[in-house]
Amino acid sequence: MARYVFITGGVVSSLGKGIAAAALAALLQARGYRVRLRKLDPYLNVDPGTMSPYQHGEVFVTDDGAETDLDLGHYERFTGRSANSQDNITTGRIYRNIIERERRGDYLGATVQVIPHVTDEIKRFITTGNEEFDFVLCEIGGTVGDIEAMPFLEAIRQLGNELSRQNVIYIHLTLMPFIPSAGELKTKPTQHSVKELQSVGISPDILLVRADRSIPETERCKLSLFCNVRANAVIQALDMPTIYDVPMAYHKEGLDSEVLCAFGIDSAPPPQMDLWEDITHRIHHPEGEVTIAVVGKYTGLKDAYKSLIEAIAHGGLANKVKVNIEWIDSQLFEKENSVLALQKAHGILVPGAFGARGAEGKIRAIQFARERKIPFLGICFGMQLACIEAARNIAQIENASSSEFCETENPIVGLMTEWLKGDVLEKRTRNGDLGGSMRLGAFAAELKEESHIAKIYGMTKIVERHRHRYEVNIDYKDKLEQCGLIFSGMSPDGVLPETIEYVDHPWFIGVQYHPELKSRPFDPHPLFSSFIEAAVEQSRLV
């Protein structure tokens, strides 16, 4: 039977529950245990697919096409295990399931209430499909005290009784702020947070306390006394230079040992930390550095590009270099001198996005990369704009644009109306719902033999994750290829362009999919490894 670890947060949001859960999972995995991570989000949206990146940050897409919380990206990167649609749930999805059951008559005329019906649905989600795992780590989104989180806290309280306390533990992540005027760390916010948690019937077994400096033993003992937690189970979680330092730091503080102790496990094998030691060594002892310019639309919130940032760093790890990211707002880029902003870059990357705002700035950056022979990687929207740039500036196609922006006589990029998902034909209309209506999840692509991208992958058949509603118009393929822009990858049915490249450019690749979603620190995605390698070569030329 799986053992359950519930991770809650208090005092303030954005403390890093997702990183804490992922780091603990990595430590348990390093001891040989099979671990599953799940995220429970209290918001009423069915999923984050239609939420603004400024509101939610990145939408992380799984192989089976689920649009999920960005924390699932951390889960995958730290454990190497691919998440799926059953690893993330929201209040909106819970209520939708319940209302569908009520309409079918499944409740046999009963009055549908938060307790037991909502809490039972939450418990069903938590406990289903865990037979092959030793530990299931569940992160509860939000902060203790939020009204939206109450049904989730009640559900995990009930599970503590139903599964027995030998199979359930609670970890509470809090903040211990330093007050400069007093010159000391304060325990009171954590005390009140634990009191709030205890008021709903949950007493934490372990306190994971965030702080920007070492916590004195006297303060740890104070937290132990007032929060009713063993002194050894008050674990300091100090700020780290990078998120990949966290597993080693938590192991040093004894988090994994305390978790096993709380479950009464005293015969666990020691963790094999060689992998993490190698990663942290590469991070802190680079043999050089390069600068990558990311020309994006949501640069005001870096969480909108969380997986991209990590994948770029992974490319640096593969090449033993530090990668500095130069963020360029594509909208401002339209008004300013593009040459000055990009002159110091050893590589240029245009990531995914939606809408016309900032698109012209990205097109200017793509033109700069093409003409100056600077390594370029265009992802999703970035590939589409690379095709528009080629159509305008090389093929001289008048009014070349995307139907996403405006009505145009030459739609180089257009709305997809149908595509194959396995053996099933999926269809969409322009006026349909936005939520869940894109080409989502893992799709196969076939690469041309001897193409640059096929050499990077070392194969001609690949499977990558997608999230897009628009696609490069296949009707313009011949015209663009005559100008040197090769469609080096296509969907298996030959209808949807998947990758492009220039034959006369040292490194210029566009992909319709999102390779950043499958990159891991210990297994960098080949595209990012090759892109950073090309940037290293470029740095030697300037």
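Glycine too: its Cβ is placed from the backbone N, Cα and C atoms.
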| task | Look at the ATP binding annotation in Swiss-Prot, where Ser14, Leu15, Gly16, Lys17, Gly18, Ile19 are given, and name the residue from Asp64, Asp69, Asp71 listed for that site too. | result | Asp71
| said: For the CTP site that Swiss-Prot describes with Ser13, Asp146, Ile147, Glu148, Lys186, Thr187, Lys188, Pro189, Thr190, Gln191, which of these is also annotated: Lys222, Lys252, Lys297? | reply: Lys222
| field | Same-site residue for L-glutamine (record: Swiss-Prot; known: Tyr54, Ala353, Phe381, Gly382, Met383, Gln384, Arg469; options: Glu76, Glu404, Glu449) | value | Glu404
| Per residue, counting other C-beta atoms within 10 angstroms of the C-beta, which of the binding-site residues Lys17, Lys188, Lys222 reaches the highest number? | Lys17
| field | Ser14 (ATP binding site) to Glu139 (Mg(2+) binding site) - Cα separation in whole Å | value | 13
| Cα within 10 Å of Thr187 (UTP binding site) - qualifying recorded positions among Ser13, Ile19, Lys222, Ala353, Glu516 | Lys222
| task | Sort out for me which one of Lys186, Arg469, His514 has the most neighbouring CB atoms within 10 A, since those are the recorded positions we care about. | result | His514
| request: Just give me the nearest neighbour of Lys188 (CTP binding site) among the recorded positions Leu15, Asp71, Ala353, Arg469, His514, Cα to Cα. | output: Leu15
| query | What's the CA to CA span in angstrom from Ile19 (ATP binding site) over to Met383 (L-glutamine binding site)? | reply | 31
